[in-house]
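Asks: Please find one structure pasted underneath; my questions will follow.
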Amino acid sequence: MKHTISVLVENQFGVLARISGLFSGRGFNIDSLSVGETEDPTVSRITLVVKGDDMIIEQVIKQLNRLVDVIKVSDLTKDDFIDSELALIKIPCDGKTRSEIMQIVDIYRGRIVDVALRSLTVELSGSEENVRGIMDLLQEFGKLEVVRSGKIAISRDRKNTRGNNHK
Amino acid sequence: MTMMTGAQIFVESLLRENVEYLFGIPGGVVIPVFDALFDSPLKVILTRHEQGATHAADGYARATGKVGVCLVTSGPGACNTVTGLATANMDSIPIVVFTGQVPTPMIGNDAFQESDIVGITRPITKHNFLVRNARDLARIIKEAFYIASTGRPGPVLVDLPKDVAVTETEYVPVSEVTIRGYKPVLDGHVKQIKKAAELINASKKAVIYAGGGVILAGAAKELVQLAHKTRLPVTTSLLGLGGFPADDKLFLGMPGMHGTRFANYALSECDLIVAVGTRFDDRVTGNIKEFAVHAKIIHIDVDPTAISKNVRVDVPIVGDAANILAKLIPLVTRTDNGNWLKQIEDWKAQYPLTYKDSDKEIKPQYVVEQIYEATKGEAIITTEVGQNQMWAAHYYKFKSPRSFLSSGGLGTMGYGLPAAIGAQLGRPDKVVFDIAGDGSIQMNIQELATAVHNRLPINVAILNNHFLGMVRQWQELFHNRRYSSTCLLNNPDFVKIAEAYGAKGMRIRKKKDVRPAIEEAIKTPLPVILDFEVAREENVYPMVPVGAGIHQMIGGLA
């Protein structure tokens with residue numbers, strides 16, 4: 001099962017290497033990872049998506065918690081959460097296909113950010129399924145070039161994933 | 001306002017941590033630090049290899065319970081500490097290793113003697129630091145000692161660039177540590193402790209299985225109290241040896257691959273395991289599917305990651321072992337396990353730990369027994385790794401914590417001699433023996449120079465069978481006696497080596513000379529190498545073949 005894990009860490013060099021090293025050292029793959037500063041500039045939030053059974057995920061969370069630079073770990077999968085990712089997709093097109101592509105992009109609430117003679121570039125944010133869905137459709141028009149940000153996620157309502165009550 | 005250089009802050013901070021000894025070797029970028037040490041009361045023990053320095057610091061830490069400290073240079077010096085760090089990491093030993101680093105503006109430029117040691121050691125340290133500013137140094141050193149010695153202890157590395165050591169800055173002593181991501185849980189959950197007590201009280205065939213965590217937490221006294229009050233038999237892992245007195249009636253010896261038959265049968269048949277400060281290493285459990293199939297498991301450990309990592313646990317209790325046992329003891333009662341103890345006595349009588357002695361040749365087990373008797377079981381024993389280590393574990397009856405120092409998790413050959421140096425410095429009141437093999441002693445034999453220079457009366461007992469013995473044993477049993485690369489026929493003359501270093505060397509070929517040689521070594525105020533020519537193809541038994549359950553042992557029957 002896929003788990004979305006939110007990790008609050010000290011915003012300093014080497015932290016990402018420690019986190020990714022935990023996974024690579026065990027031969028686990030990280031499906032997606034995104035990092036950015038939070039409302040507190042000394043703290044960064046990492047959103048990780050990993051696959052694994054309960055025992056593996058339990059170990060992943062415990063091992064993350066064990067790192068000195070990790071302030072708090074939350075497995076968002078257990079509760080309600082909102083997630084989103086950003087994708088930039090470049091699609092080959094010509095005069096005949098352009099409008100058809102634009103219609104699809106519109107349905108998916110994407111935004112055309114660049115139009116060239118032989119291609120269109122779309123910016124799309126949303127769930128992983130949303131991004132996957134538009135990619136499946138657009139593949140009809142030729143080979144796509146895709147850049148994805150990796151998932152970011154936040155828990156719904158009042159559930160606290162901030163670090164003020166320690167882990 | 002006190003202005004100091006980084007090197008002076010380093011010295012001042014170490015004095016505040018009550019550091020006695022620093023093990024290490026100087027080099028280009030740490031000259032300013034060694035210069036500051038020159039006038040300080042800190043004693044530098046110059047080893048001959050940085051691996052020796054880390055193992056010596058580790059041996060010092062295991063023997064004393066304090067933090068062991070190393071100081072080495074950048075690049076090759078730093079890289080040479082890797083094995084020592086990994087050893088300490090696997091066995092949860094508190095050491096702080098300071099490595100020199102090229103000046104900060106040159107980091108990442110492939111400067112002379114540069115290595116990314118923080119990157120290299122990330123997976124084998126509890127934590128590590130690169131000091132980028134002299135202002136941070138006092139705080140980082142304070143944090144390093146705190147992290148190394150609290151919670152589940154472990155090695156911490158501090159990388160110290162040369163410019164940080166020479167920069168003058170305001171010195172502000174740091175006395176408190178607050179790290180928001182590091183708050184070890186020590187107390188143990190009250191409800192879980194109650195649940196554990198209920199399970200213990202209801203059990204008929206329970207076993208206590210204790211590990212190195214008992215020694216690290218200083219919980220040996222509580223462990224004895226718990227066992228005596230409940231009448232539960234106790235088995236300890238290799239690193240737990242000394243955590244429960246080996247001469248106690250309830251002691252079962254070590255379990256696992258080279259465990260006693262009665263410990264392995266007890267774990268296989270029991271209805272409850274009370275695991276304390278241990279991590280269910282594969283060398284203990286054997287085939288995990290067949291491990292303790294009838295048992296519920298209570299697991300007390302300060303490190304949550306150790307719990308349910310290898311075996312499923314019914315009652316997890318996270319916290320300090322001494323603390324939790326002290327809370328558990330008032331809740332337990334004498335268990336109704338008379339039949340179980342009778343069964344264990346029968347196993348002990350039927351399958352004692354034994355070997356076939358001989359008058360024609362020296363059996364390695366006999367040598368260990370004689371060391372035990374000559375030192376009345378009160379020595380500190382370090383070991384190398386392999387057959388020598390297992391024979392030491394079997395035939396020396398460890399009575400007290402911190403008397404058996406051995407590389408368990410990593411299995412580091414070359415550990416014993418430098419560890420003996422650290423142990424002897426930390427415990428000058430103790431007789432120290434390194435029980436070694438002829439293969440592993442050659443991995444750090446240069447540290448004899450360190451022992452001689454510091455006039456440390458350590459004793460090295462080489463059980464010399466001219467083989468890499470444990471691998472040979474596996475080749476004999478599982479590879480049709482094809483002794484591929486395990487024969488050491490061109491060993492040096494260890495007596496002459498000892499003499500060349502200024503130590504004393506003795507070669508012992510006859511059984512009758514074993515005890516007198518040991519007695520003489522103990523009396524000698526210098527390092528001594530005892531080269532025992534032992535039976536060449538003696539095996540360590542009992543043995544659980546790889547992949548088998550621990551009840552499926554071979555050999556070692558009387």
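Each Cβ is built from the backbone N, Cα and C atoms, and glycine gets one as well.
The feature domain 'Thiamine pyrophosphate enzyme N-terminal TPP-binding' is assigned by TrEMBL to B:4-118. The domain 'Thiamine pyrophosphate enzyme central' annotation in TrEMBL covers B:193-328. The annotation domain 'Thiamine pyrophosphate enzyme TPP-binding' is assigned in TrEMBL to B:385-531.
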Asks: In the domain 'Thiamine pyrophosphate enzyme central' (B:193-328), how many residues does DSSP call helix, how many strand, and how many coil?
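Replies: Taking the domain 'Thiamine pyrophosphate enzyme central' (B:193-328) as a whole: 56 helix, 26 strand, 54 coil.
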Asks: Which whole number is the mean pLDDT over the domain 'Thiamine pyrophosphate enzyme central' (B:193-328)?
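Replies: Taking every residue of the domain 'Thiamine pyrophosphate enzyme central' (B:193-328) together, the mean pLDDT is 97.
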Asks: Per DSSP, how many helix, strand and coil residues does the domain 'Thiamine pyrophosphate enzyme N-terminal TPP-binding' (B:4-118) have?
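Replies: Secondary-structure composition of the domain 'Thiamine pyrophosphate enzyme N-terminal TPP-binding' (B:4-118): 55 helix, 22 strand, 38 coil.
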